[in-house]
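For reference, TrEMBL has these:
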- 56-74: transmembrane segment (TRANSMEM)
- 86-105: transmembrane segment (TRANSMEM)
- 131-153: transmembrane segment (TRANSMEM)
- 174-197: transmembrane segment (TRANSMEM)
- 209-229: transmembrane segment (TRANSMEM)
- 296-318: transmembrane segment (TRANSMEM)
- 341-363: transmembrane segment (TRANSMEM)
- 375-394: transmembrane segment (TRANSMEM)
- 400-425: transmembrane segment (TRANSMEM)
- 471-489: transmembrane segment (TRANSMEM)
Amino acid sequence: MARQTESEMSVVSWKRLFLIALGLCGVQFCWAIQVGNTTRSLLELGLDPELVSMAWLAGPIAGIIVQPLVGTLSDRYETRMGKRTPFILAGSFFSAVALLLFGNAEQLGKWLGDVSNDVSVNSNRMEKMNVSHYGLVIAVVAFWLLDFSLNAVQGPLRALMADVAPSEQQEQGNAFFALFTGVGNLLGNILGSIPLSEYVNFISSDICGLYSVGAVIIIVTSCICGYFANERDMLSLKNYHTSHYYLTFESSQLMEESSPFGEETRNQGQEDIGERFGMRQITQILRDAPFPFWKLFLIQCFTWFAWFTEFVFITSWMGSEVLQGNPNAPEGSKSRLSFDYGVRMGNVGLSLQSVVAIAYSLVLPRLVKVAGIKFCYILAHFLLGFCLCWTPILTKLHSVGWSIVAIALLGIPWASTITIPWAILSRSLRAHVPERMGMYSTLFNASQCFPEILVSIVAEKLLARLSRQTTILAMGGVMAWLGSSWIFTL
């Protein structure tokens, strides 16, 4: 059947687009509570600090494997519920299961036979005092399950918006996505900064309450999204096609790259696909990437190395090094209370970071017109490097207030990181290879996965020798500055 033209696609109510985009709010809430609390929880369960970064390998591995796989499957198969909705609902269900398992890992471990063992504390190094063996296994498995499940939701959710909205409404749909990204981050970080167990008597711990809220939110938002997507009606029109939409920085207009595969081509089978995307063709695609694709790729690798150090360590750094707490100390002890308070203050900083990012994103387009996109890009890297390299000084000062300021200021480079490199890339692809925009944009995502793997490996080695998370954060800052040097060559 011929693909439906733009003129045939009816205008979609903004309320429907708004409620579809609401699904991303639940996903982003889960990412926010994961970033703000996972490292703390794993340390409290007894995981060696130098092994924490290895647990975080779940993210890049899931990004490399799950999103392309689920995206391909959702393109090819239809069900009574639609093409995208089944994956969104299934991923949300498993995300909720993972959240509940992680939030109750310590209690489940005790039920299975975990016994706390008290050991002396070394003030210069976080030593294990309470090791929950079963609980730790449950938490790590749940953490990986959560990463894989959230990735399974995210890809089909964005594809769903592309399916539902005609091209003239894609800008509106993506604006709702941007809104709910900020709202989800903000809500997750704010709740992470509140001692929930002090206000809700029936929850066993702050983590249990926080992750239980996350489970409810992702189920509710995904169900609302699936209901208002109403894919069953769309299936009857047979107007699905594979498209990718990108927002260009200068004009704020969305560009659409239609899939080279029509209905007939898609049914030709694996032989044609293998022939089209053989190793020789892949090598040719990599070699023919337009300027400045590979320079941007390299810059993004440096940038994402810096960001991943923040994702993994920033809140536990506040608790263990700024306030000199111990995540493995007995509950109620001064050392444990100091650590928990530091983590909550780290989440306060992340909340303010979300607010700053939202505010700065509103003025960034005008700033780019006045100062130039290269200046704004360099400024973002300088500030990212400065805030992370400032952490050793903040550790010596033991200043909670200035630490929160440093975390909040990271909202400026964060807004730039998720906007500027993609804008430059879109300009280049639009000018040189518009027919391969989707392909090169997917390839560009790898610039974020590889640094995450590298951070996980390097951090394990450094923490085993130095036992200082500040060192990892400062190293991330140096990498951001190194990345900025390449911006001058663009």
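The first residue you see is number 1, and the count goes up from there.
Any Cβ shown, glycine's included, is placed from N, Cα and C.
The largest share of C-beta pairs under 8 angstroms with the transmembrane segment (86-105) comes from 209-229, of the ranges 209-229, 296-318, 341-363, 400-425. Note: the stretches the transmembrane segment (296-318) and the transmembrane segment (341-363) are in contact (3+ CB pairs below 8 A, sequence gap of 6 or more). Remote same-chain residues near the transmembrane segment (400-425) are listed as 246-250, 292-293, 296, 299-300, 303, 307, 310, 314, 318, 322-323, 342, 345-346, 348-350, 352-361, 364, 368, 373, 376-377, 379-381, 383-384, 387, 390-391, 394, 440-441, 444, 480, 490 (criterion: CB distance under 8 Å, separation of at least six residues from the stretch ends).
Residues 32, 35-37, 40, 178, 182, 185-186, 189-190, 192-195, 314-320, 322-323, 325, 400, 403-412, 414-416, 419 of the same chain lie 6+ residues outside the transmembrane segment (341-363) yet bring a C-beta within less than 8 angstroms of a C-beta in it.
Distant neighbours of the transmembrane segment (174-197): 17-18, 20-22, 24-33, 36-37, 158, 161, 203-206, 208-210, 213-214, 245, 247, 254, 340, 343-345, 347-348, 350-351, 353-355, 357-358, 361; these residues of the same chain sit at least 6 beyond its ends, with a Cβ under 8 Å from one of its Cβ atoms.
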